[in-house]
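So that you can see what the record holds, here are the features copied from TrEMBL:
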| type | residues | note |
| --- | --- | --- |
| ACT_SITE | E419 | active site, proton donor |
| BINDING | H30, H265, R360, S387, H469, D477, H481, R528 | substrate binding site |
| BINDING | H70, G118, P119, L120, G160, N189, H265, F445 | thiamine diphosphate binding site |
| BINDING | D159, N189, I191 | Mg(2+) binding site |
| DOMAIN | 357-533 | domain 'Transketolase-like pyrimidine-binding' |
| SITE | H30 | site 'Important for catalytic activity' |
| SITE | H265 | site 'Important for catalytic activity' |
Amino acid sequence: MGSATNVDQLAINTIRVLAADATAHANSGHPGAPMGMAPIAHVLFNKFMRFNPKNPKWLNRDRFVLSNGHGCMLQYALLHLYGYAVSMEDLKAFRTVDSITPGHPEAHDTPGVEVTTGPLGQGISNAVGIAMAERHTAATFNKPGFDLVENYTYCFLGDGCLMEGVSSEACSLAGHLQLGNLIAIWDDNHITIDGDTNQAFTEDVMKRYEAYGWQVLTVEDGDHDLARMEAAIKKAQEVKDKPTLIQLKTTIGFGSKQEGTHGVHGSPLKADDIKQLKEKFGFNPEESFAVPQQVYELCNKVAVSGAAKEEEWNQLFAKYGEQYKAEHDDLVRRQKGDLPEGWEKHLPTYTPADAAVASRKLSEVVLNKIFDVVPEMVGGSADLTGSNLTRWKGAIDFQPPATGLGDYAGRYIRFGVREHAMGAILNGMASYGTVLPYGGTFLNFVSYAAGAVRLSALSQVRAIWVATHDSIGLGEDGPTHQPIETLAHFRALPNCMVWRPADGNETSAAYYVALISKHTPSIIALSRQNLPQLEGSVIDKATKGGYVLHEQEGADVTLVSTGSEVCICVDAVKELAEKHNLKARVVSMPCCEVFDTQSKEYRLSVLPDGIPSMSVEPMSTLGWERYTHEQFGLNRFGASGPYKDVYEKFEFTPAGIAKRAKATVDFWKDVPNIRSPINRAFQQII
């Protein structure tokens with residue numbers, strides 16, 4: 001690019017002015033980062049990025065992630081200028097209800113936005129996942145003469161992203177994995193909301209990233225020196241066995257009266273400031289949302305070139321299909337999000353005659369049964385492989401080939417002790433469109449990754465958590481490891497399925513629904529202790545989220561339970577009959593979220609009027625009042641000891657359940673016309 005041409009500078013200043021106008025029009029937003037990062041954004045999109053705005057989902061496009069998502073007007077301006085389906089009216093609707101230009105980037109809202117970023121550090125961690133998915137897809141499908149997948153992942157990030165621990169976890173792993181296809185550009189403007197970063201952030205970031213195994217480069221003048229920006233990106237591309245961090249020293253809010261200060265970080269510019277800004281950059285101060293025709297023409301050339309590159313790729317892909325039909329068809333299928341035909345026939349089924357097995361082991365059986373027939377499943381564990389049982393027989397690790405530990409075609413990922421990064425990486429991998437990612441840890445430690453799980457749900461991605469050691473049943477490790485509030489927390493999260501299967505058939509059902517749900521993440525909570533195969537348990541019934549496991553005519557009470565307590569409830573039925581002369585029904589509720597989507601008629605058939613009900617789960621009772629009249633749970637921390645002793649201590653035994661069930665019957669016996677909690681005054685939106 002050399003020194004900036006007039007049209008280059010005009011394009012850069014157009015981005016700055018659009019950011020100022022949009023945030024002022026909305027009276028909300030962050031103009032500073034877009035104004036400071038406009039030069040590098042122009043260099044990247046004009047000289048390096050490979051994309052086709054008419055087909056934002058082209059597989060071999062380069063990916064762009066804005067990790068400092070508060071600066072999203074930078075991305076929206078770029079998408080508009082380069083011809084994506086983001087109109088000038090959309091820019092004017094910035095931060096308004098139902099616009100496609102929300103206050104932080106959301107992948108399912110805006111064409112051209114790859115991942116949903118907002119909480120700092122998530123975007124760069126997503127970018128690591130995207131780069132991993134690219135390396136795996138390339139290693140799986142590329143053939144001699146057919147480099148179908150060879151794209152870069154570019155990520156802009158700020159000081160806040162570098163401070164967040166999740167980025168450290170993810171970038172450490174990226175260095176180990178030698179992801180040379182990942183190029184991150186740090187907006188080093190020394191400003192956060194609180195002011196100068198010298199108040200809290202004085203470490204040597206470049207030495208840290210060098211220690212992670214990254215190539216580190218610096219551009220001293222990020223405001224003007226386009227030639228060095230271009231050279232830095234080229235140098236980053238040349239190194240194939242290391243990700244690159246480019247330190248770009250910029251001035252936040254460049255051109256504003258408040259440039260270089262925290263005042264321009266998160267507040268719109270005042271009218272007089274915008275006026276002088278436009279005059280300084282040669283724009284009409286009386287005109288808003290103006291784009292010179294030369295800028296549109298410059299950007300359109302890039303868009304046309306991108307469309308031509310996609311057409312070349314389409315021709316290459318067609319020839320690939322002639323020589324490698326199976327691989328071609330598999331890649332087409334994966335991009336649609338469809339699963340291989342008949343894969344579900346491989347899910348294991350069980351009868352009560354089968355042995356009692358821990359549901360974490362039942363999960364391992366499922367993975368072993370389906371890993372060959374669902375080849376897009378790629379995942380691993382946060383250093384708990386032997387406990388989570390997430391690795392199938394014969395699995396090859398996803399590792400840099402040079403290490404001798406595996407290769408990029410491997411499907412098992414060693415995430416290390418990095419739960420939060422694992423969650424964010426799963427989101428990035430899922431966004432790539434060719435893999436179906438999963439990750440394993442203890443259920444209690446999914447809470448470490450709550451930020452990433454929330455973004456999974458918001459992003460509408462299919463990511464699966466294999467969450468073992470799901471209750472006080474893990475025993476000796478004690479309260480620090482025993483989840484109490486975890487299920488209530490994630491059950492409260494919109495668009496997230498929380499499964500807690502009670503036996504083998506329910507475990508198969510959990511995986512079935514998790515895999516077919518293209519736009520919803522799942523947490524599958526699994527036991528450490530052995531569970532019997534239950535009479536009445538059937539995959540089809542369990543896929544409804546809740547069903548009647550044990551029916552009894554004239555029942556006095558309904559026991560509603562999940563996971564490892566369902567079998568105890570079944571035993572409590574006998575206790576109630578023999579010692580209290582009471583009859584009980586048993587409902588298994590492996591997934592409340594899926595149950596909520598069933599018809600009201602079905603839900604009332606499971607939890608009918610006219611009979612009191614009691615939930616049984618050794619965790620927080622919060623939420624169970626939606627389904628049952630009374631709740632038997634654990635609204636305190638657990639205890640350390642052998643699991644049977646812990647259950648005995650808290651009376652999660654047939655006798656303890658029967659005692660509370662009798663109290664439920666006694667309390668409600670004089671209440672006429674008992675209504676099921678399902679019969680609410682109004683139905684919550686699901």
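Backbone N, Cα and C define each Cβ position, glycine as well.
Automated prediction, rather than curation, is the source of TrEMBL annotations.
On the structure: features taken from TrEMBL.
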residue	record	Cβ within 10 Å
H30	substrate binding site	26
G118	thiamine diphosphate binding site	20
P119	thiamine diphosphate binding site	19
D159	Mg(2+) binding site	19
H265	substrate binding site	23
E419	active site, proton donor	26
F445	thiamine diphosphate binding site	19
H469	substrate binding site	26
D477	substrate binding site	14
R528	substrate binding site	20
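Summed and averaged per residue, pLDDT over the domain 'Transketolase-like pyrimidine-binding' (357-533) gives 98. Considering only the binding-site residues P119, G160, F445, the residue whose Cα is spatially closest to the Cα of H265 (substrate binding site) is G160. Each of the binding-site residues L120, I191 was scored by the number of other CB atoms within 10 Å of its CB, and the largest score is that of I191. Across the residues annotated as binding substrate (H30, H265, R360, S387, H469, D477, H481, R528), the widest Cα-Cα separation comes to 49 Å. Ranking the binding-site residues N189, S387 by the number of CB atoms within 10 A of their own CB puts N189 at the top. Within the same chain, the residues at least 6 positions away from H481 (substrate binding site) whose Cβ sits under 8 Å from its Cβ are F442, N444, H469, L474, listed in sequence order. Counting Cβ atoms from all protein chains shown, G160 (thiamine diphosphate binding site) has 20 others lying within 10 Å of its own Cβ. The number of other CB atoms found within 10 A of the CB of R360 (substrate binding site), across every protein chain shown, is 24. Between the farthest pair of Cα atoms in the thiamine diphosphate binding residues (H70, G118, P119, L120, G160, N189, H265, F445), the distance is 35 Å. Here the CA atom of N189 (thiamine diphosphate binding site) lies 44 Å from the CA atom of S387 (substrate binding site). For the binding-site residues G118, D159, G160, F445, a Cα to Cα distance of within 10 angstroms from E419 (active site, proton donor) holds for F445. Among the binding-site residues listed (G118, L120, G160, N189), L120 has its Cα nearest to the Cα of D477 (substrate binding site). Cα-Cα distances to G118 (thiamine diphosphate binding site) place none of the binding-site residues H30, D159, I191, R360, R528 within 10 Å. Distances between the Cα of N189 (thiamine diphosphate binding site) and those of the binding-site residues D159, R360, R528 are shortest for D159. Close to the recorded Mg(2+) site, the chain also has G158, D187, D188, H190, T192, T197, I252, H265: residues not among D159, N189, I191 whose Cβ is within 8 Å of the site's Cβ mean position. Among the binding-site residues H30, I191, R360, R528, none has a Cα sitting within 10 Å of the Cα of L120 (thiamine diphosphate binding site).
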